[in-house]
Amino acid sequence: MRIGHYQLRNRLIAAPMAGITDRPFRTLCYEMGAGLTVSEMMSSNPQVWESDKSRLRMVHVDEPGIRTVQIAGSVPKEMAAAARINVESGAQIIDINMGCPAKKVNRKLAGSALLQYPDQVKSILTAVVKAVDVPVTLKIRTGWEPEHRNCVEIAQLAEECGIQALTIHGRTRACLFNGDAEYDSIRAVKQKVSIPVIANGDITDPLKARAVLDYTGADALMIGRAAQGRPWIFREIQHYLDTGELLPPLPLAEVKRLLCAHVRELHGFYGQAKGYRIARKHVSWYLQEHAPDDQFRRTFNAIEDSSEQLEALEAYFENFA
């Protein structure tokens with residue numbers, strides 16, 4: 001699949017997730033088979049651009065793959081400026097967030113709240129597309145609420161504004177992450193626009209990935225929560241799409257290798273004072289299958305030293321040897 005002049009190596013994209021898709025996680029997902037990874041959502045508010053959090057969220061020129069940054073906001077001029085700043089910092093694709101359902105984002109008329117105001121959507125998309133010379137993409141939900149699904153209208157508007165690809169999460173804002181994602185709306189959008197359409201929502205395994213591609217006709221898939229603690233899902237899905245065969249479960253020794261390497265990267269990226277705190281949630285996701293009683297996770301989350309975290313993980317996996 002192509003986005004503008006960029007050719008993706010496959011049709012699997014790691015979704016932007018606030019507090020999760022930092023550089024270590026993006027790099028790991030790319031190594032595990034994602035064709036594209038997207039940064040955490042960055043605010044277009046210029047007052048926060050120079051914060052340590054924003055600097056960490058920006059892409060880095062030595063990252064693997066096509067560097068993609070997602071921005072969010074409601075003011076066209078600020079969104080355009082944010083896009084320019086990120087391109088100057090190394091972004092090769094700019095993604096606009098109009099899908100986030102979080103209240104703190106929607107209260108500022110950003111994220112999925114914008115789906116209620118097509119005229120404002122048009123103003124933002126036009127401003128960002130004109131501001132940069134790299135491809136601009138858009139991520140939305142199917143609408144604001146089930147009774148008002150307007151994703152087809154927004155998709156057609158996006159294409160008219162010069163958006164190069166569109167990701168649709170198969171829920172409305174009102175649905176949050178409750179219930180099941182629906183794919184009829186994504187299928188309807190695909191039939192109405194010529195730009196690439198990326199399906200998102202509840203794509204949890206290779207069989208589901210194949211089914212969603214076949215049903216919607218989507219050009220690609222975006223995978224988010226299913227990759228938490230399981231970044232190898234991209235490799236599993238791609239293998240199934242290529243061969244029709246399922247890979248065997250990842251050996252525990254490989255899970256250990258990936259987890260410990262990920263934790264070390266988090267320690268290095270965030271520093272000793274913060275890295276161990278960030279690592280806790282990732283370790284919890286990795287071990288959901290192996291530590292269902294939560295005892296180890298509770299013990300691990302009480303550790304406040306990076307080296308002790310790694311020692312605890314080594315000891316934990318030795319019990320399975």
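Keep in mind that glycine also has a Cβ here, set from the backbone N, Cα and C atoms.
Listed in Swiss-Prot for this protein:
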BINDING   Pro16, Met17, Ala18, Gln70, Lys139, Asn200, Gly201, Asp202, Gly224, Arg225  FMN binding site
ACT_SITE  Cys100  active site, proton donor
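What Swiss-Prot annotates, mapped onto the structure for a quick look.
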residue : record                    : Cβ within 10 Å
Pro16   : FMN binding site          : 27
Ala18   : FMN binding site          : 15
Cys100  : active site, proton donor : 23
Lys139  : FMN binding site          : 26
Gly201  : FMN binding site          : 26
Gly224  : FMN binding site          : 20
Next item on the list: Take the C-alpha atoms of the residue listed as 'active site, proton donor' and Lys139 (FMN binding site) and report the distance between them in angstrom, rounded.
Entry: 9
Note to self: According to DSSP, collapsed to three classes, what secondary structure does Lys139 (FMN binding site) have?
What the structure shows: strand
